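Visitor: The structure under discussion is supplied below as structure tokens; questions concerning it will follow.
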Amino acid sequence: MEKGKISAAQMAMMMYPTIIATAILLVPAITARHANQDMWLSPLWASFVGFLTVYIAVRLHQFYPQKTLIEYSEDILGKFLGKAVGLIFLFFHLHISGIIVREYGEFVVGNFLFHTPLVFVMGSMILVCSFAVRGGVEVIGRLAELSVPVVVMFILIIIILLIPDMEAKNMFPIMEKGIMPSLMGAIVPQGWFSEFLLIAFLLPYVADQNKGKKWGMISVTAVMLTLSFVNIASLFVLGGITDHFVYPVASAVRYISIADFLEHLEAFLTALWVVGVFLKISVFYYVLVLGTAQWLNLSDYRPIVFPMGFFILLFAVWSAPNLIELTRFLGGSSLFYRFSIQTGLPLLLLLIAKWRKRTNNQKLIG
């Protein structure tokens, strides 16, 4: 099915843009709406879901080392229930892939390509990603290894260039209304952290599997720190009106002006953001076609790459009538939807797997 191998570090680098790419645009406004000046704390609390999800994925992998989530669902629950649960995971990833593509399309059309049809923008990105997916996990891993350091460096440069426009007083008073506002602000971002379940599909192809947990946790920490610093930068620059912007980071970047020479950096931000979204869509796309091929017992996932791309485009079009409804969904009802399938359901599988192992051990002893 998949002959390629990646390192644990490459897996972590694949996951970093997979979480950050869309979170960096939408999370600041969502957290500011609930946490106000404590918005920088919200990613810290939300990251606990990421650490838990990585732990669940690694523990399941230890029970079934050579199998993905789709494959060992049948081992844990039996053929019929396992197939049903596998179908739930696949439909979820198809839906989320469509939403990610829609987020990309709405941002590009709404900020740059005003007169370009949304379907064309989304379809062209899916087509480009499909070639990376056909290349396999090694290709995506190497692309992430090359791109992530550049993306991280640019984020740091943006934050440094924003320092002259920052007002630290926007941060105070800290926890004016206690810890609850920052916890409320963490509710929606935890949906992004629960996306670390994707490593349950990648771990079987990691060469140094004993380092999988370590690098998974490092990736969660990197995402948490990035979102916290981005939230701080947005808060310091935009202050109490952060939640009034759909994309606070893009709005904050427009403030950068060094000696009337270095300005309008939002174009560079968008270029690197497109790279991050490309990696995010590619990872979700790859997991979707790999899982579908395993669910259908196919010998190779590549023949279904382009047909699945068409379905992703359909779901991108159907996911929401407009950007306002999409943002409302991501900031509201998607919370339970994403957490229950990406963290809750795998946790249930882990508990059942542990119970089955304990029962089998007792039978062997008896």
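Positions of Cβ are set from backbone N, Cα and C atoms, glycine also.
TrEMBL: automatically predicted annotations, no manual curation.
As annotated by TrEMBL, transmembrane segment applies to 42-60, 80-100, 112-131, 143-163, 183-203, 215-238, 271-292, 304-324, 336-353.
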Visitor: For the transmembrane segment (336-353), give me same-chain residues lying six or more residues beyond its boundaries with a C-beta closer than 8 angstroms to one of its C-beta atoms, as numbers and ranges.
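Guide: That would be 49, 52-53, 56-57, 59-60, 63-64, 69, 72-73, 76-77, 85, 88-89, 92, 96, 190-191, 194-195, 197, 200.
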Visitor: Mind checking which residues of the chain, 6+ beyond the ends of the transmembrane segment (304-324), have their Cβ under 8 Å from one of its Cβ atoms?
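Guide: Those are 94-95, 97-99, 101-102, 105-106, 110, 118-119, 122-123, 126-127, 129-130, 133-134, 246, 285, 288-289, 292-293, 298, in sequence order.
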